[in-house]
Structures are given as structure tokens and as C-alpha cells.
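Student: One structure coming up, written as C-alpha cells, with questions to follow.
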């Protein structure tokens, strides 16, 4: 359920990102080109994958999303920016086909009768989404279980993305629970650096997730184009990611699959965490499930030991290294060699990696999870503070408090 972004709702979109010679991955499954004109070629090298999900990162079978309405023919470029149009009317998310309705705070002095009346009025405004509510545009990405398409809600003209998943493929792979978990978790998260899941609906053969549109695509594409990032961009991305993960952990949610393919870029270039398919609520997170991409998995997971939110700190260290170097620290030619390097924490720094970054990465890549720093420590690390162009949420709060006093 990953990957990224000509064939538009109404004409060419100029936000497509050029591909480059990026970090190479060891292929574990044969890439088969899709013949479907609506399917976008991912263009990404594959990573070494662990056994439990190696089969989940291959292209989907050729399937075509059919809309009952033709796309509008004269949509202007500016309408493709999600920030420039109103968002669709709020709708509720429940266990059927409904979208989510943001909860509103009830006044503290409302009587039970007034509250019941208000809830009844809100209930009357709810409706179910259907494919006919959207104009479907060009494909943005593809995965084993389906594709992601640019779309526009007809009534509000709101630009968004729709992830289309095929039920038969989900059932065959036995990952229906993973999809339910993704919907349950992502739909309740509200953070500027987390991709919004507005709602979902389904028909006889497919499940549709209504997602926020990230115009600048996947971070992995940008990394391929530039080969590696400079200190300022790396520190800024790590700040945004640590801030979002701190929010997730406060909600007792751990992601467990942080990697460039699962990080998207909003219209202002801000990082957004996507794809919560492997995430879990922390109380049930002490599992020995081997999931996610091997390059980013910590020793406790590949060794089948219990784990907690510290797995995301390890992934943060791997990500920081890859941003600066252009490849993951434990990358090897075989699955077995990658496994061994992770288990022994064997990696080296190229000469051009700055000392401050080396210190942060070395602290994050500790075999013992309890020795890894907290996310607060990461945000307050001298190298991050000196190079990041964006303050963390906690820093913003401090600045706001100091101004008021």
C-alpha cells in the first residue's frame, strides 16, 4: 500500500516528481509491469523485505477503477491544490460505509436534553459516501492490494486521494485485520504531519479509503532525485517526524513501519506520515510479529522479542542516516546479511556525515531499546536545534508562553 505519482482529472498536473538514480534495493520479488492505463509505475527500487510481508510489496494484479462519471475537462491547475478549495462536508465514520465526522466539544452547561437534540440533528446530517460522489483522476501510486487515485468530491470540489483496495486480494492475503486497524487508528489522528483519513466506503468487490492529498508525493522520490539530503532538510524532516511520532505515542499508537516510502510531502513541503497498516495501539504492541521493511526493523523485532514504542526511535535513526547518506545503514546484498548487520548493529559513517548527526544516529541505533533517547531528547538534540528550520510543538508552546509573560 505505498508508492507515488499524467493523466489528470482535467489536464496535466505539474507536480509530478522526476525520478533519479536513487538508493538501490535488493529485489526479492519480480516486478511485473502493469498494462492498466490507470496504473502508475512506481519507479522505485525494492528493499529487502522480511518473510511475513515480502509478498505484499509487489505490483497489484491488473484491475481498473471504473467511475460512472467522466472527469471534468477544464479544471485549472490551482484547483488541484487541496489548500485552495473547501474540504468535503464532515461525515461520520462508523462500522458501515460512512465517513468520519469530527467531534465537536459540547458546551459544559448543556443539559442532557439539549445534548440529545444536538446529537439527533447531527445524526440527520450524516450520509454514506459512494463512488458516484467523486470524480476519479490520474493514479498517484500502486501497491499489492490496489491503487491510489487523485479524486475530487463533486459537491464541494475538494481535491483528495482515494485508495482503492480489492477485497479478494485482502482476503487471500489474510490482512483484513490490518486494514481495519489502519482505518481505526489513522481516522482518529489529528496532526499537521500525519496524513488525514477522512473516511471510507465499500462496494461488492472493493474498499475505498478517502485520504488527504499530498501534492508533492513521497519523500522516497525526492531522495531518489537528489541522492541525499543536506543537514537542514534532514534535521527539519526529523523534527517533523519526531513531533508526529510524539503525538502518536501520546495516543498509545506506534507506527512500526517508518520509511521514506511511507512519508509524503504536503503542498508547503511539510512531511506527512502515511500508511498506518502496520501500526498498533501500544497496549497490544508487545508482540513478536515480524512486519514492515527489514532495513528499518530494530533488533528486538527481527529477533522475535517483545517490543514497544522504542521501535519507532530505531527507525528514526535509520531514516536520519539514509537522508544524509542516501542508503540505509544496514543495507546488504542479501536478506541474511542485512539481518546479521541489524542484529549486531554493524554500520559505518561516510566521512561527509557531520559529527552532530553521527552522535544523534549512534544514540538512536542502540541494540537495547531502553538505551535509546526519547523523542523529546531527539527534538532537543544540539544538531537538530542548530539545523532544523521548524520548531517542534513543544518549542512553539515555550515560545508562546514566554511571549505572553
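Each Cβ is built from the backbone N, Cα and C atoms, and glycine gets one as well.
Relevant sequence annotations retrieved from Swiss-Prot are reproduced here:
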- 32-127: region 'Disordered' (REGION)
- 42: phosphoserine (MOD_RES)
- 52: phosphoserine (MOD_RES)
- 111-127: compositional bias 'Basic and acidic residues' (COMPBIAS)
- 134-384: domain 'Protein kinase' (DOMAIN)
- 144, 163, 212, 213, 214, 261, 262, 275: ATP binding site (BINDING)
- 257: active site, proton acceptor (ACT_SITE)
- 259: SUMO2 cross-link (CROSSLNK)
- 281-294: region 'Activation segment' (REGION)
- 288: phosphothreonine (MOD_RES)
- 289: phosphothreonine (MOD_RES)
- 343: phosphoserine (MOD_RES)
- 385-405: region 'Disordered' (REGION)
- 396-405: compositional bias 'Basic and acidic residues' (COMPBIAS)
Student: So among the recorded positions 262, 343, who's got the most Cβ atoms within 10 Å?
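Tutor: The residue with the most neighbouring Cβ atoms within 10 Å is 262.
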Student: At the level of the C-alpha atoms, what whole-angstrom distance separates residue 259 (SUMO2 cross-link) and residue 163 (ATP binding site)?
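Tutor: Pair distance, Cα basis, whole Å: 19 Å.
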Student: Roughly how many Å lie between the Cα atoms of residue 275 (ATP binding site) and the residue listed as 'active site, proton acceptor', rounded to a whole value?
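Tutor: Cα-Cα distance, residue 275 (ATP binding site) to the residue listed as 'active site, proton acceptor': 8 Å.
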Student: How many Å lie between the Cα of residue 144 (ATP binding site) and the Cα of the residue listed as 'active site, proton acceptor'?
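Tutor: For residue 144 (ATP binding site) versus the residue listed as 'active site, proton acceptor', the Cα atoms are 16 Å apart.
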Student: Need one number: mean pLDDT over the domain 'Protein kinase' (134-384).
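Tutor: Summing pLDDT over the domain 'Protein kinase' (134-384) and dividing by its length gives 89.
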Student: Write down the Cα-Cα distance for residue 257 (active site, proton acceptor) and residue 163 (ATP binding site), rounded and given in Å.
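Tutor: Pair distance, Cα basis, whole Å: 18 Å.
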Student: Among the binding-site residues 144, 163, whose Cβ has the fewest other Cβ atoms within 10 Å?
Tutor: 144
Student: ATP site residues 144, 163, 212, 213, 214, 261, 262, 275: biggest Cα-Cα distance, Å?
Tutor: 21
Student: Measuring Cα to Cα, how far is residue 212 (ATP binding site) from residue 257 (active site, proton acceptor) in Å?
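Tutor: Between the Cα atoms of residue 212 (ATP binding site) and residue 257 (active site, proton acceptor), the distance comes to 19 Å.
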Student: Provide, as an integer number of angstrom, the distance between the C-alpha atoms of residue 257 (active site, proton acceptor) and residue 213 (ATP binding site).
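Tutor: About 20 Å separates the two Cα atoms.
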